[in-house]
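> What follows is a structure written as structure tokens; I'll ask about it next.
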Amino acid sequence: VSLSSPTLYPLVSCEGALTDGNLVAMGCLARDFLPSSVTFSWSFKNNSEISSRTVRTFPVVKRGDKYMATSQVLVPSKDVLQGTEEYLVCKVQHSNSNRDLRVSFPVDSELPPNVSVFIPPRDSFSGSGTRKSRLICQATGFSPKQISVSWLRDGQKVESGVLTKPVEAETKGAGPATFSISSMLTITESDWLSQSLYTCRVDHRGIFFDKNVSMSSECSTTPSPGIQVFPIAPSFADTFLSKSARLICLVTDLTTYGSLNISWASHNGKALDTHMNITESHPNATFSAMGEASVCAEDWESGEQFTCTVTHADLPFPLKHTISKSREVAKHPPAVYVLPPAREQLVLRESATVTCLVKGFSPADVFVQWQQRGQPLSSDKYVTSAPAPEPQAPGLYFTHSTLTVTEEDWNSGETFTCVVGHEALPHMVTERTVDKSTGKPTLYNVSLIMSDTASTCY
């Protein structure tokens, strides 16, 4: 009897629009195999197995002198809408050979993105030394969810200072499932005032959607696209140092603020104490506002969801946005290196620059602080770059921080410590210390000074 390996075909549901209440049926057809014994299993793209409780395998059917069989898996549509998976893997074991087949999630409809870029108000630039602010690019209403966002300055791609959030499913009633994504670019005030042209480039299914802005855009008479809401997640530095998580809900393009209300609530609907702050009017005659609330760091780290609700007389219904700590980003701890001042700089007897290089970490949220003789230094004593993607390691980031001290302090043997905080580190924080006598960095136990600022959250 000759053996015949199975040929695999994908099967997808022909039902209507995806909603959070539906199960998406996906299947795998194996045909023309011999002998008749065959085994199906399913996994996600990241190789994690799918529970057999959601898998149904139908009896083998004889077709001519060979056999065929099918397997079905039911996946909650919210996983399809909100997850990062693009396909499932159907795995078929047969005595003649094992075969794998990618079964792509169904695309409810193909819709292009609506791209908007929000420019910074003139009074939003802040910081000691180099003053900075952010451009925000938002793409909404698109499907399918696969999309990428990049930034250009005067036609050249910008690599540093970019923070792009994961794609989110848009919450709405009946109709096709659509998605949104936002990306932020940190810019300096000098670059903005120099009339540099910034471009947010959105790539969706091989088609580019470009939106250009510059300082002259502030004087544009283009009408407002309507009230926009941007929930901003707390940074790791905030949650680690204060033991509380600060939730920010940014509302832009307000024509009036008298009827505005911003509120935060936990996943069970319990209202959180929300402080609302109204900015001054912008050059395009609109306002911005922020609603801030604080929750325990433990609640945020556990993945609990929090919802910002915005009401205003210009809105036909309240706008709601829900955020939670992302669980889909792979965690990788940073490697930390401290470099002493260059000999050529010390010869000048003017100043000494100590550099802290932080490499290979994920997610991108990290903080760097400096200490002298174990005491924290003020942030105006050092400059830390925004995390940037590692050129040779996709998914990982690097940053560097430079501390400038007097040549006298360095030559007198003062110790300088780079303290790095990241959620993937065993104790959330690590440090490296260097001084003139060693000439090389030394690893010490984590200082307790930083924890003195932490408060207990009840």
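Positions of Cβ are set from backbone N, Cα and C atoms, glycine also.
According to Swiss-Prot, the record shows the following:
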- Cys28-Cys90: disulfide bond (DISULFID)
- Cys137-Cys200: disulfide bond (DISULFID)
- Cys249-Cys308: disulfide bond (DISULFID)
- Cys356-Cys418: disulfide bond (DISULFID)
- Asn46: N-linked glycosylation site (CARBOHYD)
- Asn114: N-linked glycosylation site (CARBOHYD)
- Asn212: N-linked glycosylation site (CARBOHYD)
- Asn261: N-linked glycosylation site (CARBOHYD)
- Asn277: N-linked glycosylation site (CARBOHYD)
- Asn284: N-linked glycosylation site (CARBOHYD)
- Asn445: N-linked glycosylation site (CARBOHYD)
- 1-106: region 'CH1' (REGION)
- 107-222: region 'CH2' (REGION)
- 223-327: region 'CH3' (REGION)
- 328-458: region 'CH4' (REGION)
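Tell me what's around each of these sites.
Residue density at Cys28 (disulfide bond): 28 other Cβ atoms are found within 10 A of its Cβ, drawing on all protein chains shown. In the three-state DSSP reading, Cys28 (disulfide bond) counts as strand.
Long-range Cβ proximity for Cys200 (disulfide bond), meaning a same-chain Cβ under 8 A and a gap of 6 or more residues, is found for Val115, Val117, Leu135, Cys137, Val149, Ser150, Trp151, Ser183, Leu185, Asp210, Lys211, Val213.
Counting Cβ atoms from all protein chains shown, Cys308 (disulfide bond) has 26 others lying within 10 Å of its own Cβ.
Cβ-based neighbour count (10 Å, all protein chains) for Cys418 (disulfide bond) stands at 27.
Taking the Cβ of Asn46 (N-linked glycosylation site) as centre and 10 Å as the limit, one finds 10 other Cβ atoms among all the protein chains shown.
Within 10 Å of the C-beta of Asn114 (N-linked glycosylation site) there are 16 other C-beta atoms, taking all protein chains into account. Asn114 (N-linked glycosylation site) carries a strand DSSP state (E or B).
Within 10 Å of the C-beta of Asn212 (N-linked glycosylation site) we count 12 further C-beta atoms, all protein chains included.
DSSP assigns Asn261 (N-linked glycosylation site) to a strand segment in the three-state reduction.
On its own chain, Asn277 (N-linked glycosylation site) has Ala289, Met290, Gly291, Glu292 as residues at least 6 apart in sequence with a Cβ closer than 8 Å to its own Cβ. Mapped onto three states, the DSSP output places Asn277 (N-linked glycosylation site) in strand.
Take the CB of Asn284 (N-linked glycosylation site) and look out to 10 A: across all protein chains shown you find 16 other CB atoms.
A mean pLDDT of 82 is what the model gives for the region 'CH1' (1-106).
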> What residues, ordered by sequence, lie under 8 A Cβ-to-Cβ from Cys90 (disulfide bond) and sit at least six positions away in the same chain?
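Correct list: Leu8, Pro10, Cys28, Phe40, Trp42, Ser71, Asp100, Leu101, Arg102, Val103.
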> Helix, strand or coil by DSSP: which one applies to Asn284 (N-linked glycosylation site)?
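It is coil.
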> Indicate whether Asn46 (N-linked glycosylation site) is helix, strand or coil by DSSP.
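Assignment for Asn46 (N-linked glycosylation site) reads coil.
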> When the Cα-Cα distance from Asn284 (N-linked glycosylation site) is computed for each of the disulfide-bonded residues Cys249, Cys308, Cys418, which gives the smallest value?
Cys249
> How many neighbouring Cβ atoms, not counting its own, are there within 10 Å of the Cβ of Cys356 (disulfide bond)?
27
> Least buried of the recorded positions Cys137, Cys249, Asn261, going by other Cβ atoms within 10 Å?
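With the recorded positions Cys137, Cys249, Asn261, fewest surrounding Cβ atoms within 10 Å: Asn261.
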> Determine, to the nearest whole angstrom, how far the Cα atom of Asn114 (N-linked glycosylation site) is from the Cα atom of Cys249 (disulfide bond).
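Per the Cα atoms, Asn114 (N-linked glycosylation site) and Cys249 (disulfide bond) stand 21 Å apart.
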